[in-house]
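Taken verbatim from TrEMBL:
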- 10, 11, 12, 25, 68: substrate binding site (BINDING)
- 29, 33, 36: [4Fe-4S] cluster binding site (BINDING)
- 35, 36, 37, 70: S-adenosyl-L-methionine binding site (BINDING)
- 38: Mg(2+) binding site (BINDING)
- 16-213: domain 'Radical SAM core' (DOMAIN)
Ligand SMILES: C[S@@+](CC[C@H](N)C(=O)[O-])C[C@H]1O[C@@H](n2cnc3c(N)ncnc32)[C@H](O)[C@@H]1O
Ligand SMILES: Nc1nc2[nH]cc(C(=O)O)c2c(=O)[nH]1
Ligand code: SF4
Ligand SMILES: [Mg+2]
């Protein structure tokens, strides 16, 4: 496996937002979202092993990890599964940020491990790469489905998907809406969500408020 960076910060996104978290950012992505804030992870990085990653993770003394990238699920499958197994054996809480294009059923999760499935909206220019079958593979109370939206068209696209796949929060589906940083105001997205009575979590990238938005490794 190839690792771009490992760092310790607060979780800036998703359901565990604000909690201290160790980030393992893998190198390489199969998509090229227009708005991607992590382009430096496409190629830069060093080879490592699941055991090597575990050693570094253990050194931080916190039992919460976020696997991200790049796209973590394009790393060699055996090695990624081995890392998930090692984290599971040690009782780590794990969130896996994934880009919606990779079959999430290729990986076996342990207790306290979950996917954050980002369904790429039209303005990402990647929505035709989505594997919509993933929406049937999601485990409602466990996983989260995320929409990172930049305009009204993205927002309508997301609502259509929620309707079409019956991603009803009443059935345990956990939905997140987040603005593309700098593209859509927080207020505009919040007002749309409230107006339409969408039972989803509004999320900002907390680390971009705490630190300079261009700072790496936070
Ligand atoms: C950098 S990606 C890595 C994981 C995976 N490739 C994915 O896209 O889910 C992690 C999260 O950051 C989000 N993200 C990237 N650039 C962003 C931006 N400019 N504004 C808001 N969210 C952004 C992505 O949409 C994704 O949910
Ligand atoms: N603090 C912080 N939280 C994050 N949550 C998801 C991130 C990511 O880049 O995937 C991220 C990140 O880059 N920084
Ligand atoms: S899938 Fe994730 S890492 Fe890849 S380009 Fe899109 S936001 Fe960036
Ligand atoms: Mg990030």
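Any Cβ shown, glycine's included, is placed from N, Cα and C.
Known features from TrEMBL, placed on the structure.
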| residue | record | contacts (Cβ under 8 Å, 6+ apart) |
| --- | --- | --- |
| 10 | substrate binding site | 17, 18, 19, 20, 21, 206, 207, 210 |
| 11 | substrate binding site | 17, 18, 19, 20, 21, 64, 66, 95, 206 |
| 12 | substrate binding site | 205, 206, 207, 208, 210 |
| 25 | substrate binding site | 3, 4, 5, 6, 7, 38, 41, 68, 69, 70 |
| 29 | [4Fe-4S] cluster binding site | 36, 41, 42, 69, 70, 71, 74, 99 |
| 37 | S-adenosyl-L-methionine binding site | 181 |
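Taken in sequence order, the binding-site residues 36, 68, 70 that lie near ligand 2, meaning a CB under 6 Å from one of its atoms, are 68.
When each of the binding-site residues 38, 68 is scored by how many other Cβ atoms sit within 10 Å of its Cβ, 38 comes out lowest. The Cβ of residue 35 (S-adenosyl-L-methionine binding site) has 16 neighbouring Cβ atoms from other residues within 10 Å, across all protein chains displayed.
For ligand 3, the binding-site residues lying close by, meaning a CB under 6 A from one of its atoms, are 38; the full candidate list was 10, 11, 38.
Mean per-residue pLDDT, taken over the domain 'Radical SAM core' (16-213), amounts to 98. Residue 68 (substrate binding site) falls within a strand when secondary structure is assigned with DSSP.
Take the mean position of the Cβ atoms of 35, 36, 37, 70, the recorded S-adenosyl-L-methionine site; other residues of that chain with a Cβ within 8 Å of it are 29, 33, 38, 39, 41. Of the chain residues outside the [4Fe-4S] cluster site list 29, 33, 36, 31, 32, 35, 38, 39, 42, 99, 124, 126 have their Cβ within 8 Å of the site's Cβ mean position. Checking the binding-site residues 10, 11, 12, 25 against ligand 1, none has a C-beta less than 6 Å from an atom of that molecule. Most Cβ neighbours within 10 Å, among the binding-site residues 33, 36: 33 holds that distinction in the structure as shown.
Excluding the listed site residues 10, 11, 12, 25, 68, the same chain places 9, 13, 21, 23, 66, 207 with Cβ atoms within 8 Å of the centre of the substrate site Cβ atoms.
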